[in-house]
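**Student:** Pasting in a structure now, in structure tokens, and then I'll have a few things to ask.
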């Protein structure tokens, strides 16, 4: 039977010579992950009746879907009431909510919510910082994302370890892989943004990737789904700086830091084009950054291409 993350991380398996896998002994982090997992079926069940836009405007100047607001409020209520959480911030809120004292949590409640209409994959991203917001990448103590795909799963990263969980309809869950690693041989790629707005050096890099017959395009319009392809099969995902958006589209605190942390904990690499995503400076919770993550050899090639090196392979 499935049980809580805390029990999966700490209990001994009676019929096994080895102890069960443990991400952390920190009870607060375990509780955060537990809430994310147990809330996932409620978010998923709430999607069908919330597939239209609201009349509101979020900090990005966009009209969120009703599902975005629903997921945000649900997670705010659950996480904000947890002892040991000092701040709750989300992409849908202009500023962080003061919830007491302790860790800071940044949430992208429904990454890829534009996929609701086409019924494609989407997810929830969480970053946990041991510092006030806006935090630094070095302040991360845990990160996770829930993927609402054919099944509901959660990738969780803590202390250099990454585990994959399947989440059942009743909110229970169990690990399906306890030491997730980015495959060393890349096979998939996916890049966001309109092609006419790609910088020339990035466009050239993409052309080189596309000419490799061993590589397959996997892009679905929700970063968590595309990143999960890379985490599963090896490869590269990127949302570049654009000619009309030099800082890119994705947000440092909600997407860049946590996804970079997860991929690096799994043995992959992350970059903003010249350095690790975890080294990016952020002075506002809604700061943006270009995002590139994946197999280290490809991320290194990308950085070389963006630096104008003639031979980045």
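Counting begins at 1 with the first residue displayed.
Every residue gets a Cβ built from N, Cα and C, even glycine.
Pulled these features from Swiss-Prot for this protein:
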type	residues	note
BINDING	91, 108, 110	Mg(2+) 1 binding site
BINDING	111, 112, 113, 114, 219, 249	substrate binding site
COMPBIAS	14-23	compositional bias 'Acidic residues'
REGION	1-23	region 'Disordered'
**Student:** Roughly how many Å lie between the Cα atoms of residue 114 (substrate binding site) and residue 108 (Mg(2+) 1 binding site), rounded to a whole value?
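**Tutor:** Here the two Cα atoms are 13 Å apart.
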**Student:** If you count, for each of the binding-site residues 113, 114, the other Cβ atoms lying within 10 Å of its Cβ, which residue has the minimum?
**Tutor:** 114
**Student:** Between the binding-site residues 91, 108, 111, where is the Cβ count within 10 Å the lowest?
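**Tutor:** Selected from the binding-site residues 91, 108, 111 on minimum Cβ neighbours within 10 Å: 91.
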**Student:** Could you tell me which three-state DSSP class residue 111 (substrate binding site) falls into?
**Tutor:** strand
**Student:** So how far apart do the substrate binders 111, 112, 113, 114, 219, 249 get, largest Cα to Cα in Å?
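**Tutor:** Between the most distant Cα atoms of the substrate site, 16 Å.
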**Student:** Take the C-alpha atoms of residue 113 (substrate binding site) and residue 91 (Mg(2+) 1 binding site) and report the distance between them in angstrom, rounded.
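**Tutor:** Cα-Cα, rounded: 12 Å.
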**Student:** Distance between residue 108 (Mg(2+) 1 binding site) and residue 249 (substrate binding site) at the Cα atoms, whole Å?
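**Tutor:** Checking the Cα atoms of residue 108 (Mg(2+) 1 binding site) and residue 249 (substrate binding site) gives a distance of 14 Å.
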**Student:** Starting from the Cβ centroid of 91, 108, 110, the recorded Mg(2+) 1 site, name every other residue in that chain with its Cβ within 8 Å, sequence order please.
**Tutor:** 68, 71, 72, 90, 92, 107, 109, 111, 113, 124, 125, 254
**Student:** Quick one: give me the count of other CB atoms within 10 A of the CB of residue 219 (substrate binding site).
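**Tutor:** Looking across every protein chain shown, the total is 14.
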**Student:** Take the C-alpha atoms of residue 249 (substrate binding site) and residue 91 (Mg(2+) 1 binding site) and report the distance between them in angstrom, rounded.
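**Tutor:** That comes out at 12 Å between the alpha carbons.
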